[in-house]
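Notes follow once the structure below has been shown.
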């Protein structure tokens, strides 16, 4: 167990290291001045420039610069945005939780709807209900997310007028960002009508969550259905049936776990797609998340923001992926055989 | 009266507009307290018969039989629930490949305890029942000759050697105290000492508990020493069936004779370094089955009438299907 944890921590740290090297390299690769790309501060005169060069060790060799850069990252000094002049750490601190919140609800939706639906379709494979579930999920999966989100806006916001077009919460509510998660922040804010604010937040959440979640749900349904059908044809299910076990018992004891094990790593891959989708949807709904923020940064050629934003998003993706993989490693007993010799 | 009685079992695999008779009018019966051997080359349909008996065939295959009864009950007419009840308590199956037939994500102990019928478990509260379950599991494991129960009951299927896996399959089959055990090639790939252990275990169970066994194998040597009667299968047709000693002494079907001749241990008169007599060719694939007697193209005695499927003929309790059986010329 400790060995597994150590193994995964090393993997995590090494991957982060590669990412920071990449992000550091971006300061050199982006057009313009390295100093400006790295700090986000435009020096006013040569003296200030000299001082900054010394402060960021830019007068020494690349390795020293990088080590200093690592130290800066760790201590929270991520540079300043070109466009707003604010500390990037604070900006990301506000934008990142919004994205995490949106992705979390989308994952929740995918798990709560996708897993039961996938199991149902797999158990009733090739029946009418399975075929309709499958057709629906293939259709949803094939729709591009930006188009899907626009259709949702068209129907629910413009035609039916039951959900707001954009934003996170009505501007009438003054919610200071504490945790960054809107629902938690509402609970922590004093002097507002919490019920009303909650309802407003939920109505703002509904469409973007549905847009991101539907596609993830569709892929989860397809993965689980395929896996259940595979497991159903395995000899050990036949053997269990020949021992006279009941259908429910076979399903609960032998199908659920065995169907879930092979697709957990595939779900980890879905995380990348999910966050990409979330970033696209954020732009469409003007959701103040990291995707929206990065797109603005691209428009304004805000190189320090791009450099740190890339690092932040990829760190999120990698942490989630490694966590899921670790979880899978811990619950799947047969993974051990690839690490040790078998009898 | 036989416990398991199968007459004219036919299995048709329909794919597209072609249909293949994988099993063609197979007859098989197992009386209570006997060990019946089911013998045939690989691909002759032995495992299909086993699957047909325990109802594990894909639903798109058509299974028909004049009679397929278990203690007088028609197996084909039972509802799923009744069929399951029969499989749970009365018939137990040991499948060919133990590693594949065990759930890879559950420990062997969990799987064994799961097969214990609830009626056997005493105790009022769930912890007492769990304890008793565990006790039954351990004693069953000891019975099949696994000594280190502590180690193996908490092991996963990929952690155990295949002979232990096979013994576990047998333990799982025996734990419900069935009256018929179907063993589908249980000694495949085992080393001789383990094989002997397993065979001895079967013989002992047969003698002490009067457990009937349908022993499916192509290991003639193992079969000859333990089974009372034998059914020979070739390409999905029953070729010959009868008491072991009659078949061994005087096979009536050319295929049975070829089968026995090809096993060196049955030939005391075989000269050193001489070739073993074998039939020309190999068993036909399912797509190219000959009409009539399926042995036809390979049979040394085949003549024109062999393109018609031979009727089952009977001499006492010895049945065979051949137009030109071996005893004809001696008469």
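Don't overthink the numbers, they just go from 1 along the chain as shown.
In case you wondered, yes, glycine gets a Cβ from its N, Cα and C as well.
Automatic, uncurated: that is what TrEMBL annotation is.
Keep in mind that this is a model prediction, so the values were computed, not measured.
Range with TrEMBL annotation transmembrane segment, chosen from A:141-159, A:236-254, is A:141-159. Using the rule of three or more Cβ pairs under 8 Å, pairs at least 6 apart in sequence, the transmembrane segment (A:141-159) is in contact with the transmembrane segment (A:259-285). Outside the transmembrane segment (A:259-285) by six or more residues, the chain places 98-99, 102-103, 106-107, 119, 122, 145-146, 149-150, 153, 165-167, 207-208, 211-212, 215-216, 219-220, 223-224, 227-228, 230-231, 291-292, 294-295, 313, 316-317, 320-321, 324-325, 327-328, 331-332, 334 with a CB less than 8 A from a CB of the stretch.
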